[in-house]
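Take a look at the structure set out below.
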């Protein structure tokens, strides 16, 4: 299709500039008749997960549309779900640029964005304007200047503001680009956070008369013992789902490539096997007590099928979407 030509032009630009340019164009069409320019017909393949019905099993992973600016245009491409964010209570600029790097030969990306976003209030206003008929997930995190020991307060603030508008809420405790954030995945810190989140979910369910499921997004770099502990905590706290995985700090598959030594999280094809193995082990530990949303290096129908064979109920794409374009959505939904 036309995307290889578009990609060639975009890849002449700095990665973040290419992202900004693309979103400028998408903002122009989102919510207008011009959405027809990006619309794709995909078959209906409903899937039940977390008490919700997804019109197909393919979602857009968090990080692409951090502020929910282009929900309708992205939805027109055929996604069954879109996860916007990560959003924080207050706006923040993120880390210094450059902070996004391509590993073209490996079809991977390294980012150290640092939760750059315009804040939760801005995101909510964008969500109110959207008409996406799929499931909208909202991914939340903590502000960089919030001490880790107070981090749960940021998640609770975001939950309160987005609850009425979210199909599900994703708790991001696994980005490698916010200092100390990944420590919330372990032991007492995780139990304390999940207790607070479940209590808040119960309170908000009473206020809004609807139940919004909670999914926790985990890292691919967990040790075996850490993975077992995380799985146990998710089950004990009745969390509704788990998103596996975020980006990796491992560089073993990209040694010697341009940009391989940049600090940040690695995504795309080099993450594919590692994330699939985490899904497989999680599935064994969870024993179908809660569903897994599989993400990490999905760039083909085969890769999507591998995630589902490992135990994922739903799958998400991000880097594969950058490298392969909207056609990947149609291919996966049609043939998965």
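Note that the numbers count up from 1, one per residue, in the order the chain is shown.
The backbone N, Cα and C atoms fix where each Cβ goes, glycine too.
Swiss-Prot lists 62, 63, 64, 65, 66, 86, 139, 172, 217, 245, 268, 297, 318, 319 with the feature FMN binding site, giving sequence analysis as the kind of evidence. Annotation comment: Swiss-Prot describes 66, 111, 112, 113, 114, 115, 172, 177, 246, 247 as substrate binding site, evidence class sequence analysis. The active site, nucleophile annotation in Swiss-Prot covers 175.
The local packing around residue 246 (substrate binding site), expressed as other Cβ atoms within 10 Å of its Cβ over all shown chains, amounts to 26.
Apart from 66, 111, 112, 113, 114, 115, 172, 177, 246, 247, the residues listed for substrate, the same chain places the Cβ atoms of 63, 86, 94, 175, 176, 178, 264, 265 within 8 Å of the centroid of those Cβ atoms. When the binding-site residues 112, 114, 246 are compared by Cα distance to residue 62 (FMN binding site), the shortest distance belongs to 246. Separating the Cα atoms of residue 268 (FMN binding site) and residue 114 (substrate binding site) is a whole-number distance of 18 Å. Within 10 Å of residue 112 (substrate binding site), counting CA to CA, the recorded positions 64, 139, 175, 217, 318 contribute 175.
Secondary structure from DSSP puts residue 64 (FMN binding site) in coil.
Residue 172 (substrate binding site) sits 6 Å from residue 139 (FMN binding site), taking the CA atoms of both as reference points.
Taking Cβ-Cβ distances under 8 Å and a sequence separation of 6 or more, the neighbours of residue 175 (active site, nucleophile) in its chain are 86, 115, 141, 181, 182, 246, 247, 265. For the binding-site residues given as 114, 268, the lowest number of other CB atoms within 10 Å of the residue's CB is seen at 114. Our reading of the FMN binding annotation (62, 63, 64, 65, 66, 86, 139, 172, 217, 245, 268, 297, 318, 319) yields a largest Cα to Cα distance of 20 angstrom.
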